[in-house]
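According to TrEMBL, the protein has these features:
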| type | residues | note |
| --- | --- | --- |
| DOMAIN | 1-70 | domain 'Glutamine amidotransferase type-2' |
| BINDING | L116, I152, S226, G227 | ATP binding site |
| SITE | E228 | site 'Important for beta-aspartyl-AMP intermediate formation' |
Amino acid sequence: MLDGMFSFVLLDTRDKSFIAARDAIGICPLYMGWGLDGSVWFSSEMKALSDDCERFISFPPGHLYSSKAGGLRRWYNPPWFSESIPSTPYDPVLIRESFEKAVIKRLMTDVPFGVLLSGGLDSSLVASVVSRHLAEAKVARQWGNQLHTFCIGLKGSPDLKAAKEVADYLGTVHHELHFTVQEGIDALEEVIYHIETYDVTTIRASTPMFLMSRKIKSLGVKMVLSGEGSDEIFGGYLYFHKAPNKKELHEETCRKIKALHLYDCLRANKATSAWGLEIRRDLGRIEKWVLRNAFDDEEKPYLPKHILYRQKEQFSDGVGYSWIDGLKDHANAHVSDSMMTNASFVYPDNTPTTKEAYYYRTVFEKFYPKNAARLTVPGGPSVACSTAKAVEWDTAWSKLLDPSGRAALGVHDAAYKEKAPASVDPAVDDVSCSPAHDVKRLKTAVSAAAV
């Protein structure tokens, strides 16, 4: 019956029984562990369980644990979970209304807040909807109706330029934050400690978000809205251009949503929560055409046309292409060829196949040495944030397995060259973006017409 994002443990003091549950998509983190003495443990962070539990797992989203029943049970059973192709016709009005309702619902707050604005489609639409409805929200009476927006990037990055243009168009109080490659590298160990993963793209994207969250919290802002979530629902990643048919496309979006709690849910929540900042997520053609078309209003435009139809840019790319290049150079300086030769013996599970992945793994293992910890991070090849299954869509991808959006050869405007440079990551972990709580409603609205 709960409508929102949550993870909790509820204790009945009469008989000491309890239940634990996690929201449908896994927006809020939750871990479960077992001690040698038969005890059962729960925590929002893995680090709280690593000393006392012999085994621990990421609590599966949409599930409930009962101490009386003694096991996990899935309570979230939407129609899309079966991955069967829906038949509801494409309805742009329903999509727009569902999106706007989801944003407005998240304006129920009594603390200073803002919007994370990258200048991409989703965050720009969130900012646009908030700016239209802020004056009528209760929070405006307490904190004013001037919307604050935040963006981070290396100087001259694609996101900084686009975000500034959107902010000017909407008339927000815009905060442009800069970081250097070295500042990001210096923060890596702290980032990995907080986000509790060694997944390559999650770390690439978490680091600038971590730095931005620290600055936002120092300004007195307690909560931010973000535009993450629709790439999974609407097939927004560039590799979706290669989907062979609507069945494959739909099934891939379902796989992406089911795995969100292991990747960008984890990133968005932990990178912000490390500084006590709460993040709320909303949920032949250009990617995400169904969403772009739904907000393409000629009479009362939500955004400038070229922003509404701006190509998808993954966060770790959008902050500046030299960020990923700098990370690879740093890893190359710390991981030797002989270390890579013996990587399968040192790390037999999810063996790192690049020096960047190897470097992140060494840092992770320093903080979380137990086998249970490393098993909370799934693996598999990926191209431009794809699942391992979607890599099969194009045989050329096997030559350039990299989670960056620039690995989408022939699609991304600034794609890598056909011949991969020596530092490009092969076979790194699958990564996805953060979720929308209103997945069920949006999935129904999009349906098979997404193709």
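Please read every residue number as a count from 1 along the shown chain.
A Cβ is built for glycine as well, from the same backbone N, Cα and C atoms used for every other residue.
Annotations in TrEMBL come from automatic prediction, not curation.
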*Write out the long-range same-chain contacts of L116 (ATP binding site), meaning residues 6 or more apart in sequence whose Cβ is under 8 Å from its Cβ.*
S123, T149, F150, C151, M212, V224, L225, S226, G227, I279
_Just to verify a number: CA distance, E228 (site 'Important for beta-aspartyl-AMP intermediate formation') to I152 (ATP binding site), in angstrom, no decimals._
15
*So for S226 (ATP binding site), how many other CB atoms are inside 10 Å of its CB?*
24
*Kindly report the helix/strand/coil residue split of the domain 'Glutamine amidotransferase type-2' (1-70) according to DSSP, in that order.*
3 helix, 28 strand, 39 coil
